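Working notes, beginning with the structure itself.
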Amino acid sequence: MPLHHLMIGTWTPPGAIFTVQFDDEKLTCKLIKRTEIPQDEPISWMTFDHERKNIYGAAMKKWSSFAVKSPTEIVHEASHPIGGHPRANDADTNTRAIFLLAAKQPPYAVYANPFYKFAGYGNVFSVSETGKLEKNVQNYEYQENTGIHGMVFDPTETYLYSADLTANKLWTHRKLASGEVELVGSVDAPDPGDHPRWVAMHPTGNYLYALMEAGNRICEYVIDPATHMPVYTHHSFPLIPPGIPDRDPETGKGLYRADVCALTFSGKYMFASSRANKFELQGYIAGFKLRDCGSIEKQLFLSPTPTSGGHSNAVSPCPWSDEWMAITDDQEGWLEIYRWKDEFLHRVARVRIPEPGFGMNAIWYD
């Protein structure tokens, strides 16, 4: 079928889910539905369940759950408060739901991370028979200054890896049959200025890739088969051009922040992105070729994105083909579709949606 649908959320209120239709023959994108959701629950990160019948959202002070009946029929079913620290849900704290990961194996629990202050706990939710977020079954502790921004399972869904941006480390947990998790251990990032934001894993389970937000690089880790802990290989790759001015001369603050990394459907390639902290600068997108064992063979390109990316610039490879990738930005509100062919990347379609906070990550429905 030439028609595909993607759903996208927003960084700021009012809450809405946008459904975009991409035609892979005519190479066009168009907005076909704006679904209103609770106004004070904009979704800054969303993901599907294993069957794409439910959307789970990180929605300010809530974790939200929607039944997806069709690309244009999305129904809000539940919203749950942030678990863990008693102050996380207070209106006067900046604690915010930031990321969630849906298990693909029974019991199909959902693993959620708050961010900023009072974010030292991961939240585990059970789901109903239809996939609705049902109950907060565990609030497992990281450490007081933790701020997890991304997680990934190994291919067997036995081990869970978390990128702790504020505590500057990677955590490993073991998943139990109940869906709850127990701590295995943690390792510090290679450099005090790295701040891991995102993790991706090779389909073999041999290698983990950690995206460093402040370090603006991808660091490669091999998984120790005995301990299941990640071990840094001392191979890293830039996500902004080497030598580019990366500090504001007046404030000393960083000008760029790496964002997201994700593998293509085949597992042969990985894309990663960075954002600029000033609108007059551009973000960057990088592509990598992976060996069959999972190690990074080489960096294929590092190219500027049309805008800074704002809070977003999130890359979203198509989950059933290496050919397509989506990228979103909330500086100007673009969703763009790129084609990956013969190890070259080119944009084929785009649509601008000038709504507040559009667009955060895009998820591929069909």
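Using the three backbone atoms N, Cα and C, a Cβ is placed for every residue, glycine included.
Source: prediction; values computed, not measured.
Features reported for this protein in Swiss-Prot:
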- His149: active site (ACT_SITE)
- Arg197: active site (ACT_SITE)
- Glu213: active site (ACT_SITE)
- Arg275: active site (ACT_SITE)
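If you take the Cα of Glu213 (active site) and the Cα of Arg197 (active site), they are about 5 angstrom apart, rounded to a whole number. On a Cα basis, Arg197 (active site) lies 13 Å away from Arg275 (active site).
Taking Cβ-Cβ distances under 8 Å and a sequence separation of 6 or more, the neighbours of His149 (active site) in its chain are Ile98, Phe99, Asn113, Phe115, Ala163, Leu165, Pro196, Arg197, Trp198, Glu213.
Fewest other C-beta atoms within 10 angstroms, among the active-site residues Arg197, Arg275, are seen around Arg197.
The secondary structure of His149 (active site), as reduced to three states from DSSP, is extended strand. Secondary structure at Arg275 (active site), as computed by DSSP, is strand.
Glu213 (active site): 23 other CB atoms within 10 A of its CB, across all protein chains.
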